[in-house]
Amino acid sequence: MSGSEKLTSLSSELDLDRPNLEDYLPSGSSIQEPHGKLRLRDLLDISPALTEAAGAIVDDSFTRCFKSNPPEPWNWNVYLFPLWCCGVVVRYLILFPGRVIVLTVGWIIFLSSFIPVHFLLKGHDNLRKKLERFLVELICSFFVASWTGVVKYHGPRPSMRPKQVFVANHTSMIDFIILEQMTAFAVIMQKHPGWVGLLQKTILESVGCIWFNRAEAKDREIVARKLREHVQGTDNNPLLIFPEGTCVNNHYTVMFKKGAFELGCTVCPIAIKYNKIFVDAFWNSRKQSFTMHLLQLMTSWAVVCDVWYLEPQNLKPGETPIEFAERVRDIISVRAGLKKVPWDGYLKYSRPSPKHREQKQQSFAESMLRRLEEK
Amino acid sequence: MGQAPSMLTQYDIEEVQEHCNNLFSQQEIVSLYQRFCQLDRNAKGFISADEFLSVPEFAMNPLSQRLLKMVDGLNFKDFVAFLSAFSAKATIQHKIEFIFRVYDSDSNGKVSFNDILEVLRDLSGSFLSDKQREQVLSQVLAETGYTKESYLMLDDFIKVLGSSDLKIEVEVPVD
């Protein structure tokens, strides 16, 4: 597999956060342990492995997580079609320009306040930070208004206390904007190219952001250290982490990376669920650039979602960080009505580690040797 | 079906159904087509090896490389024909033929001692030594009346495997 050679070193490091897959796989896929003396037909019968492989070709739970499900077209008959056309006209010619104006006004206000505050108040850090936080929340509100975001927040607002992190399920980068408009979180993000990267470097720096680069293997330790430093500081903004590590289509959750759960802090789960009737907010980064995604949102009717701030959780005695991560994932999935799958989101970018294949090979070898002994 | 259009016509579906000997229903063929288009990311009309390996469940399978050789680059019609061995309606003979094809990697119509060893190597990896594998295989072959030099044909496979109940079935999700 020539293309993936440079990625195998990354996947072997990701091994460390992967719990035993066999605990998760549905019982239907576990192969019946064969018994009895080993005969030629048992050796030749490769049907379990074949069935699994063919099953994976026909349908697999990993690809399902990243499938964008377009809503059923409803404009298919002679009465509905003109109605839909009117809708298109309203959305593209009335709503869209209006939203662009709102966004432009928002940016003007923001930049004309942020730049002076940032440079002139260099000496008065406390006041500067407060104002910058307020301004970031403001521009996020403008963004949300530009898609006519209807966000219903449930639960108590996050408080600024040290030694706590917030974790949420991830559907699109707009998750961050929606949460940011209520509280100026510091966030940990993948470094992006283009105008998003520029925003990351300038404005998000002011609320405190940590960058990572998925493609760099050594990055994990550096990031883990930065995370720890951030949560220890009393003055830093509360940290928001998306432990899935990638955008998922809001019907499933993939495995949470344990990094957020071994910082020795309280973990406050946040569940986000988008209402698909209005727009599918899943950002399929393989199919669309972020700009196209934003434009798609700005030409839809509305972005409707629910945000639940759930009860803070602590590591239970005797619980490993991975078990803690799975427990929190369970809490979030149940609240937002998402199904859990036992896959690591990074498999989008790399091949599974050889460890899994080796587990299967090992159980086959052991079964064979055992049956050889039987009379 | 080289262009991979996003909609299958009734003619297309019937053509594919005939090609796979009616082992899949028309609804299953439509579902399989959706799956095919999902895996074939840039609508080339076939699924490349890389795209198959992007399904983690498939990549983890010990027989994935062998199956890849059989399924790489197939167009949709042949893809369905390949999968037809896994239909519930397929005969035991059809399924055994499929297994035979997996063993007979050089497609010369006969499976040698070494061919079986190769498959065993895929399935057991580094957890058995070559010597152990040879030993087990010789022993088991001898019990059934074959030797190391024997070549197994399809008929031998049918004789050996025909009596056991082979569970090779995959359900095509139809929404």
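The backbone N, Cα and C atoms fix where each Cβ goes, and this holds for glycine too.
Where the annotation comes from TrEMBL, it is an automatic prediction and has not been curated.
Predicted, not measured: the structure shown is a model, and the values here were computed from it.
Features of the protein shown, as given by TrEMBL:
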type: DOMAIN; residues: B:27-62; note: domain 'EF-hand'
type: DOMAIN; residues: B:91-126; note: domain 'EF-hand'
**the domain 'EF-hand' (B:27-62) [mean pLDDT, rounded to integer]** = 90
**Complete:** DSSP puts the residues of the domain 'EF-hand' (B:91-126) at 26 helix, 1 strand, 9 coil
**Message:** Could you give me three numbers for the domain 'EF-hand' (B:27-62), the DSSP helix, strand and coil residue counts?
**Reply:** 22 helix, 0 strand, 14 coil
